[in-house]
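Student: Heads up, here are the entries from TrEMBL:
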- Gly441, Gly443, Lys444, Thr445, Val446, Arg538: ATP binding site (BINDING)
- 72-88: compositional bias 'Polar residues' (COMPBIAS)
- 192-415: domain 'UFSP1/2/DUB catalytic' (DOMAIN)
- 57-124: region 'Disordered' (REGION)
- 461-484: region 'NMPbind' (REGION)
- 537-547: region 'LID' (REGION)
Amino acid sequence: MDHIESCHPEKNLERKMISQDCLSKYCTSFSRGLRELLVDAELAAHPGLHCAEHTPTLQKHSTGAGKPPRTQEVQNSDDLNTFQSVHTSVMKGRSREEMSDQDVLMRKNSCSPPKPFDGGAKRLGRTELGPYAHEKQMPSWLRKLLEIGTKSIRSRGVTSGGTIQGHRKARNEASGIIPTLVRLCKEDRSVRRAFLCSAKVLQVSKIPNEGGFCGYRNIQMQISYIRECRYPGYEQFPETLPTILQLQDMIENAWDQGFNSVGRIETGGIRGTRKYIGTPESVLGIIVDVTLIGIRCEAGSIQAVRNMRAHDVLFKCIADYFGRVCSLGSDDKVFQTDLPPVYLQHQGHSMTVIGFEIRIDGAANLLVFDPMFKPPSALKRLEEHPAKPIDPTRILKVYRRDATYFQKYKNFEILRFRPLGNFAGAKMRTSPNVIITGTPGVGKTVHCEQLAQDTGLRHLSINQVAKDHGCFESYDQDLETWVVDEDKLLDAIEDEMAQGGLLVDWHACDLFPKSWIDLVVVLRCASTSVLYDRLMSRGYKQAKLQENLDAEIFGVLLEEAREAFDEEVVVELNSEQDDDVENNCARISTWIDCWKTNQPNITE
């Protein structure tokens, strides 16, 4: 309380609105007009971070970096692999290969179609939604603040092509922060290695007196990556980031469409309120409103597994994320990548992970953009002056979160986008491979033929390939069909798949390697009578007809697709009416155009 009384003078802004039963869990903090709600567990570290925001001066020579506290100790930590091996050793001999992402990341259905409400949802309370869990509408002064408090600044710049382009940026948005952090990490003697995400991510901070809208500020940072890197869906954000109120509208609109509509039951609605939002709602706000298919994203929860604590699992997950795209055999101290940032949520707060650090003494940190804190004043000066900072460690303190911070929490949620073109083999392809799959009779061939005309991709009928190359094992007398030799079939199409640009027409998809495929479209026919008539017109006998009807009713092929491929590249589309073909092909064509636009290796 001494910190609050001496450093955060009370503004008396709606103090009375925080009920007494919340005071044991939340602490209201006022820092230079920035009103904050803190979970008690965060209060100890909070004052030092605000001090680091205002690290004042620069000088030409460094006085040396302070020694960081020892947290996760790594002996002989020469690179990221060493850090990972120490964490894996906690698993009592379990190798890194044995502990896959499935062990540390419980994926949620972030990009799946609407699911019916099962009636089991309950209204959440202050523990999950914060001190304003039962609020109907935020105060009018706050709404007005959110509408006018982030007025944008218009600037002009010259593009690489020599044209002048205008940009709008809100006053609480800062660009160019990550390249400066790269420089600081290089100069900090306490850093052995550091890994940072795309330099195009904006740092978005709260505005004075806004309260607990960290989740929305982190969504804005994710959207800044989408917009600046021209990630699929970037057209939805042409000039400015959506405001908090607009993001609330996006989430509510997604609920209206049936996407995770249980969220409305649990929250009672969020439009115009100060209720906290979680990662599922963040996924909706970023992705569902974009209305594009095949966006590469995944959301999931992280908790303790076997002999690893939750924060150790979190650190390993982030380390793996950066380690996969960095050449760890090099002597580089700091790696600047093009990776997307990672949305991270724990109880009561969220932040955006922009990097990972290994210190000389073996400790590990996450580097984050925390909406509670604005860029330090000294950091802004570094963009204009070549002088070295007095103490890089002090400036970096605002962005570092170590094990001591995270060990208080037992559960974490993350959202991360897949880097563009990160599939194995993608660098060889200038056009994507798309599987059109589904039960016989749902219209796979019709879709492929239409898409071939619309997109220029080539229709590859696996049935025809099997016939041309004799890829058969045996003949099933009961079903009157040939059994395909999958190994022979894959050998026959491997070269074509590597070149890309194929519309693969086949009733199964789980035999294809993940690296071959960029999008899986599962066509469905909900009307059994329509499907029955289609199969009867083919002359199917009763046993074969019934097996296909059962497969469609129980969604067998959709389930196989979701088991064989990452769920974010699996899309379910209805194919029952004549209009469905045209609508589906238009959506798939849009996705193909976005894929081509965002491939870094494509040359015009």
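Just so it is clear, glycine is given a Cβ too, placed from its N, Cα and C backbone atoms.
Note: TrEMBL annotation is automatic and uncurated.
Help me see these features in their spatial surroundings.
Tutor: Packing around Gly443 (ATP binding site) is summarised by its Cβ count: 20 other Cβ atoms lie within 10 angstroms of its Cβ, all protein chains included. In the three-state DSSP assignment, the secondary structure recorded for Gly443 (ATP binding site) is coil.
Per-residue pLDDT, averaged across the domain 'UFSP1/2/DUB catalytic' (192-415), gives 85.
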Student: Quick test of the contact rule: Cβ under 8 Å, at least six residues beyond the ends. What residues does that give for the region 'NMPbind' (461-484)?
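Tutor: Result: 445, 448, 492-493, 504-506, 541, 543-544, 547.
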Student: Around Thr445 (ATP binding site), how many other CB atoms lie within 10 A of its CB?
Tutor: 14
Student: Taking the centroid of the Cβ atoms of Gly441, Gly443, Lys444, Thr445, Val446, Arg538 as the ATP site, which other residues of that chain lie with their Cβ within 8 Å of it, listed in sequence order?
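Tutor: Output for this site, in sequence order: Pro440, Val442, Arg534.
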Student: In terms of DSSP three-state secondary structure, what is the assignment for Arg538 (ATP binding site)?
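Tutor: Its secondary structure by DSSP: coil.
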Student: Under 8 Å between C-beta atoms and at least six apart in sequence, can you list the same-chain neighbours of Arg538 (ATP binding site), or say none if there are none?
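Tutor: Expected: Pro440, Gly441.
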Student: Out of Gly441, Lys444, Val446, which of these binding-site residues shows the lowest number of other CB atoms within 10 Å of its CB?
Tutor: Val446
Student: If you run through the region 'NMPbind' (461-484) with DSSP, how many residues end up as helix, strand and coil?
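Tutor: Helix, strand and coil residues of the region 'NMPbind' (461-484) number 8 helix, 10 strand, 6 coil.
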